[in-house]
Amino acid sequence: MSIDLFTFPNLLFFFKRCPRYIEPQNLTRVSEFFLTGLSDDLELHPLLFGLFLSMYLVSVLGNLLIILAVSSEPHLHAPMYFFLSNLSLADIGFTSTTIPKMIVDIQTQSRVISYVGCLTQMSFFMLFGCLDSLLLAAMAYDRFVAICHPLRYLVIMNPRLCGLLVLASLFISVLVSQMHNSIVLQLTYFKDVEISHFFCDPSQLLNLACSDTFTNNIVMYFVGVISGFLPISGIFFSYYKIVSSILRIPSTGGKYKAFSTCGSHLSVVCLFYGTGLGVYLSSAVSTSPRKGAVASVVYTVVTPMLNPFIYSLRNRDIQRAMQRLLSKTI
């Protein structure tokens with residue numbers, strides 16, 4: 001999942017040089033990496049396989065239902081639901097980047113991933129992680145306009161602006177992903193080929209690399225600011241304005257009604273950034289990389305899986321749309 005919670009650890013690792021005492025033969029030009037996974041206990045593998053397959057299917061089906069419900073109901077063709085359907089699509093991509101590979105590895109007892117496969121997985125991980133962050137910022141702006149400028153909401157949040165916000169988010173995410181890739185492609189020598197994770201985590205890969213150039217550090221800071229600091233700043237600013245506007249409403253019922261329209265989005269924001277921050281803090285405190293990998297399950301699987309439930313349980317329009325959609329298919 002900031003600065004960008006996926007990129008900030010990378011910045012720290014990038015300042016670590018290869019120790020001077022490493023012999024030249026230990027600096028390996030690699031064609032593949034070895035993923036340690038979540039557990040070496042073979043007896044746990046069937047349980048892990050069933051657990052992650054179930055969570056992945058629930059995540060994909062739940063987010064797919066959100067997309068189908070929004071697209072099939074004309075009264076849901078509103079800016080908030082447009083952003084929600086795009087967030088669901090990004091969540092499907094985010095979880096599909098890592099979990100299917102892990103499920104296959106558990107089933108085949110193989111943990112090898114090629115150098116190209118590792119870069120591809122890391123590239124899509126950065127892309128969808130950044131896209132999630134930017135879409136949450138766009139949704140915060142949508143809620144700001146809806147509460148602070150209700151009479152001009154449809155004028156400001158017109159289809160053209162909504163489309164531009166999504167396209168800009170996608171463009172920035174691709175840019176961030178490719179900038180990150182350009183850094184990694186320069187890393188031809190590694191201290192080891194074992195990645196202490198169940199996927200090609202950018203911070204773990206950079207920790208194995210033997211590179212420490214000033215240009216790379218500047219690019220990584222730039223990536224962190226764009227993909228993390230700016231979206232978080234936008235979300236904080238939007239909710240600062242929202243809270244200020246709500247506090248000026250005289251009636252308690254009016255305050256509750258206004259704030260309830262932000263409840264689902266605020267819950268998702270807290271879940272997304274809270275779990276990412278928790279993973280970062282746990283990896284910083286714990287000396288075991290395996291524990292960091294276990295903690296990463298929360299934001300790579302659990303968060304995308306819970307988002308559809310948060311929006312469907314707190315939104316009656318989504319509930320009714322899903323019920324009608326399911327009744328048509330049954």
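For all residues, glycine too, the Cβ spot is worked out from N, Cα and C.
Per-residue pLDDT, averaged over the domain 'G-protein coupled receptors family 1 profile' (62-311), rounds to 84. If you look up TrEMBL, you'll see 62-311 marked as domain 'G-protein coupled receptors family 1 profile'.
The transmembrane segment annotation in TrEMBL covers 47-69 (among others).
Among the features that TrEMBL reports, transmembrane segment is placed at 81-100 (among others).
For 112-141 (among others), the entry in TrEMBL reads transmembrane segment.
Residues or ranges marked as transmembrane segment in TrEMBL: 161-180 (among others).
Residues annotated as transmembrane segment in TrEMBL: 218-240 (among others).
Residues or ranges marked as transmembrane segment by TrEMBL: 261-281 (among others).
Beyond the transmembrane segment (293-313), the same-chain residues lying 6 or more positions past its ends with a Cβ under 8 Å from any Cβ of the stretch are 1, 5, 36-38, 52, 55-56, 58-59, 62-63, 65-66, 84, 87-88, 91-92, 94-95, 98-99, 196-199, 201, 264, 267-268, 271-272, 275-276, 278-279, 282-283, 319, 322. Feature annotation from TrEMBL assigns transmembrane segment to 293-313 (among others).
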Would the transmembrane segment (112-141) count as touching the transmembrane segment (218-240), i.e. at least 3 C-beta pairs under 8 angstroms with sequence separation of 6+?
yes
Considering pairs 6 or more residues apart, do the transmembrane segment (161-180) and the transmembrane segment (81-100) have at least three CB pairs under 8 Å?
yes
Which range out of 47-69, 81-100, 112-141 gives the transmembrane segment (261-281) the most CB pairs under 8 Å?
112-141
Who are the long-range neighbours of the transmembrane segment (112-141) in its own chain, taking Cβ under 8 Å and residues 6 or more past its ends?
1-2, 4, 6-7, 30-35, 80, 83-84, 86-87, 90-91, 93-94, 97-98, 101, 165-166, 168-170, 172-174, 176-178, 180-181, 184-185, 195, 199-202, 205, 226-228, 230-232, 234-235, 238-239, 265, 268-269, 272
